[in-house]
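**Q** Provided herewith is a single structure, encoded as structure tokens, for subsequent inquiry.
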């Protein structure tokens, strides 16, 4: 292990330090860190709604044999409205808040008015957002949530750079020193704001004339090419979900066509075949086949703690990290990670645009998929013949999705151990990389930040 860590340090450490000081990458990282209160609050209520208030058929507690009467279930379902409202105000507006914090963080890197840049980023985001839902004059929630976060990232970075460009050229209104600072500050952002929002308004108008909008173009550019990879759908999903997440794109939502359109129907076909013949052996004897890439297989053996098998990362942090911030994030992310919700670790560490975590985050899922396929074709685990809740903890999900296979439970736990081992050396490297980045800012760094 020490040789592996030494090799990774030699290759990754200089690169990680250099990337860690890159203003745009740093702005994205710091922006997501500031979003963490929203992320954590939203994730907790997703957990409460999908696990602790769910007792109907197909729920976690139902799978454990716990049954409640219909009136109690209806009452609990009604209480989910509380968590739903919190979700709408947290994870449901991630794409709206991302440009504010990212634009603000980049403005701080550039040594210009951060608050003005952040506010203009939000205004620019809403300027290019269509105000129509059917016949109604309204903003669609789909533009504000996690599925559209790449738009928020792009707009936050672009607006902050435009703001910097304008301010550095003194295209601002300057008031006498006798005017209060708060008033002077507001007027200094007037001309930059007018120019930036005019540009965004023209872009929105032009795209609307062509029957589309900025957000839709971003989504189509991501989703359409990947959804066409039907022949290799399983591997495409396993590889591209974490890859998209690394760049701030909600991978699972971007590839919904593969999930809902192909892999979930495969799971339903497996269940129907199992129900018809009563057992996997009887179905195989009758010449029937089962789909290995059914969606619950991914949830059970690959997405351990969420995309990128981040429950393994949390465990690796507890084992190897000495960084107080990493350990605190891991503590906060563990409860939701156990139930397959990993936004706290994705945005809190963050993993997004983190150069040290790129390799393990993207590679861990294909490795776990290969192990799972090997176990399946060797006859160690049976195919998926049930659909347990996606929030089922690691091991239990595999057990229920295979209708009680202990071998499946053990393979899932083995995969979790492998994921932890994959992340371990990178957690150690991250410790040293951050120590180098956290050194006192030099005069040269300040001078570089002021360049455009």
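Keep in mind that glycine also has a Cβ here, set from the backbone N, Cα and C atoms.
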**Q** Looking only at the topology recorded in Swiss-Prot, are residue 112 and residue 274 found on one side of the membrane?
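**A** According to Swiss-Prot, residue 274 sits on the same side as residue 112.
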**Q** Of the residues in the topological domain 'Cytoplasmic' (107-113), how many are helix, strand and coil by DSSP?
**A** 4 helix, 0 strand, 3 coil
**Q** Using a Cβ-Cβ cut-off of under 8 Å, list the residues of the same chain that are 6+ residues beyond the ends of the transmembrane segment (86-106) and lie near it.
**A** 23-24, 26-28, 30-32, 34-35, 38-39, 41-43, 45-46, 49, 114-115, 117-122, 124-126, 141, 143-149, 151-153, 155-157, 159-161, 163-164, 248, 343
**Q** With Cβ-Cβ distances below 8 Å as the criterion, list the same-chain residues six or more beyond the ends of the transmembrane segment (409-429) that contact it, or say none.
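**A** Non-local partners: 1, 4-5, 8-9, 12-13, 16, 300-302, 304, 309, 311-313, 315-317, 319-321, 326, 356-357, 359-360, 363-364, 367-368, 371-372, 375, 380-381, 394-399.
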**Q** Should anything in the same chain at least six residues away from the transmembrane segment (114-134) have a Cβ under 8 Å from its Cβ atoms, list it; otherwise answer none.
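**A** Answer is 95-97, 99-108, 140, 143, 151-152, 155-156, 158-160, 163-164, 185, 188-189, 192-193, 196-197, 200-201, 203-204, 207-208, 213-215.
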**Q** Kindly say whether the transmembrane segment (300-320) and the transmembrane segment (367-387) touch, using the definition of 3 or more Cβ pairs under 8 Å where each pair is 6 or more positions apart.
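**A** These two stretches do touch.
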**Q** Would you mind listing the long-range same-chain contacts of the transmembrane segment (367-387), meaning Cβ under 8 Å and 6+ residues beyond its ends?
**A** 58, 234-235, 238, 267-268, 270-271, 273-274, 280, 290-292, 294-298, 300-302, 304, 309, 398, 400-403, 405, 407-408, 411, 414-415, 418-419, 422
**Q** Have the transmembrane segment (35-55) and the transmembrane segment (229-249) got at least three CB pairs under 8 Å, pairs 6 or more apart in sequence?
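**A** As far as Cβ distances go (cut-off 8 Å, pairs 6 or more apart), the transmembrane segment (35-55) and the transmembrane segment (229-249) do not touch.
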